[in-house]
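> To start, I am sharing the structure in question, which I have written as structure tokens.
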Amino acid sequence: MLITPITKLEGTFSIPSDKSISHRSVMFGSLALGTTHISNFLMGDDCLSTINCFRKLGVNIQIEEDTVTIEGKGLHGLTPSEDILDCGNSGTTVRLISGILSGQAFSTTLTGDASIQKRPMKRIIKPLSEMGATLEAKEDNFCPMTIHPHALKGICYHSPVASAQVKSSILLAGLYADGPTTVIEPAISRDHTERMLTAFGATVTREGTAVTIEPCKELYATDIVVPGDISSAAFFMVAGLITPGSDLVIQNVGINPTRRGILDVLLTMGGDITCFNEKEVCGEPICDMRVRYSKLHGTTVEGDIIPTLIDEIPAIAVAALFAEGKTYIKDAAELRVKESDRIETLHTELSKMGAHITPLADGMIIDGGYPLTGATLESYHDHRIAMALTIAACNAQSPCTLKNSDCVSISFPNFYQLLEMHSQRLSS
Ligand code: S3P
């Protein structure tokens, strides 16, 4: 795709629905008794992978426009899949479904695309094995992975990583355990599982960084309205801040405290962002955001805030390129095991445009203020790398070519249409 520079972004629009919440609504709806209606569902490739997996496990799931209707089967009503379950590019699907499958009465094999087959599964194999399941994985760490369930026991697990996928996998297995299951994290990761499982009738409690789930007889269907995804809004927040003359309103953005780290970082960098119309929908806080072009300055992003913005670091890195001074990103080694090694891919690709980035084992140092020039860029089939490179390229001094840009369909199918609709190009 050819990306030509833009002069400003303006208008009022909504961004796509939250990926994490959409996944969970399908999973919990499938396990509940009764019919769950999900409105404003994200029809991105990852969430469609979750729907396909649960259809293969015998769940009747109907899709009509952006609404999904699920005839739940109950906690013990899933049926064996004739095929290996294909989780596509979705780490959330593989890791969360593994917890659920550990509590079933049949074995299941999971796999996914080339990226999924490189992502670490030991982080869930260890706790789920401690609970009693047997997980056979390639090199004990990678998909394809077969889960042989067993009577599960409740455990107290000190997770070495702040990962909502690991935490959720264990909590979902905990629904089937013989006693309470506790996960203690080094820092609090996104809490959509805790919020939504509570709405479906499970007993989940939190004390500091520890979350405990009680074993559960049944979950009960409830209707879900999915808010907009702050991880998708991130690209337009940053594009609005760095493109002179921009003035945007992004509607219906989820600002759950475990997800809103980017907002706090961009405000600290001097970003002119105002949140208004704050309200709560289905237990999740949302708002509208006005974003105006701003002169940004560098900052340090580290410590407990990292899990609240882990998916937004590619967008933050682009903001830092247009900020005065240095931005330090630390404590973010998890970036190395995302859809691509995002420290490596951001460094390699942004450097081609003239960016000054020093990669670190757990982050990067970005020296802002150097003009970007046109280059031929590669997304590595990583949706967030594709979108980060695009907003950087929109503000380069000459056109860029981005290879494999269609992977934005993983989380933001209409990214390029929205960008086109709300931006003015130099040539127009
Ligand atoms: C997700 C959790 C995060 C995030 C991913 C979605 C989720 O991963 O990067 O895009 O829905 O639970 P980790 O929990 O492994 O950090």
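Glycine is treated like the rest: Cβ placed from N, Cα and C.
Relevant sequence annotations retrieved from TrEMBL are reproduced here:
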| type | residues | note |
| --- | --- | --- |
| ACT_SITE | Asp311 | active site, proton acceptor |
| BINDING | Lys19, Ser20, Arg24, Ser163, Gln165, Asp311, Lys338 | 3-phosphoshikimate binding site |
| BINDING | Lys19, Gly91, Arg119, Gln165, Arg342, Arg384 | phosphoenolpyruvate binding site |
| DOMAIN | 4-417 | domain 'Enolpyruvate transferase' |
> Could you check which of the recorded positions (Gly91, Asp311, Arg342) sits closest to Gln165 (3-phosphoshikimate binding site), going Cα to Cα?
Gly91
> Tally every other Cβ atom lying within 10 Å of the Cβ atom of Arg384 (phosphoenolpyruvate binding site).
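There are 28 such Cβ atoms around Arg384 (phosphoenolpyruvate binding site).
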> Mind running the binding-site residues Arg24, Gln165, Arg384 against ligand 1 and keeping the ones whose CB falls under 6 Å of it?
Gln165
> Would you mind sorting out which of Lys19, Arg24, Gly91, Ser163, Lys338, Arg384 (the binding-site residues) have a C-alpha within 10 A of the one on the residue listed as 'active site, proton acceptor'?
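Passing the 10 Å Cα cut: Lys338, Arg384.
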> Quiz question: given the binding-site residues Ser20, Ser163, which has the greatest number of C-beta atoms lying within 10 angstroms of its own C-beta?
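In terms of Cβ crowding, the pick is Ser20.
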> As a test of the contact definition, list every same-chain residue at least 6 positions from Lys19 (3-phosphoshikimate binding site) whose Cβ is closer than 8 Å to its Cβ.
Leu42, Gly44, Asp46, Cys47, Thr92, Asp229, Ser231, Ser232, Ser411
> Out of Ser20, Arg24, Ser163, Lys338, which of these binding-site residues is nearest Arg119 (phosphoenolpyruvate binding site) by C-alpha distance?
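Its closest listed neighbour, by Cα, is Lys338.
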> Going by C-alpha positions, which of the binding-site residues (Gly91, Arg342, Arg384) is nearest Ser20 (3-phosphoshikimate binding site)?
Gly91
> Among all chains shown, work out which of the binding-site residues Lys338, Arg342 has the most CB atoms within 10 A of its CB.
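By the 10 Å Cβ neighbour count, Arg342 comes out on top.
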> Cα distance, Ser163 (3-phosphoshikimate binding site) to Arg384 (phosphoenolpyruvate binding site), nearest Å?
18
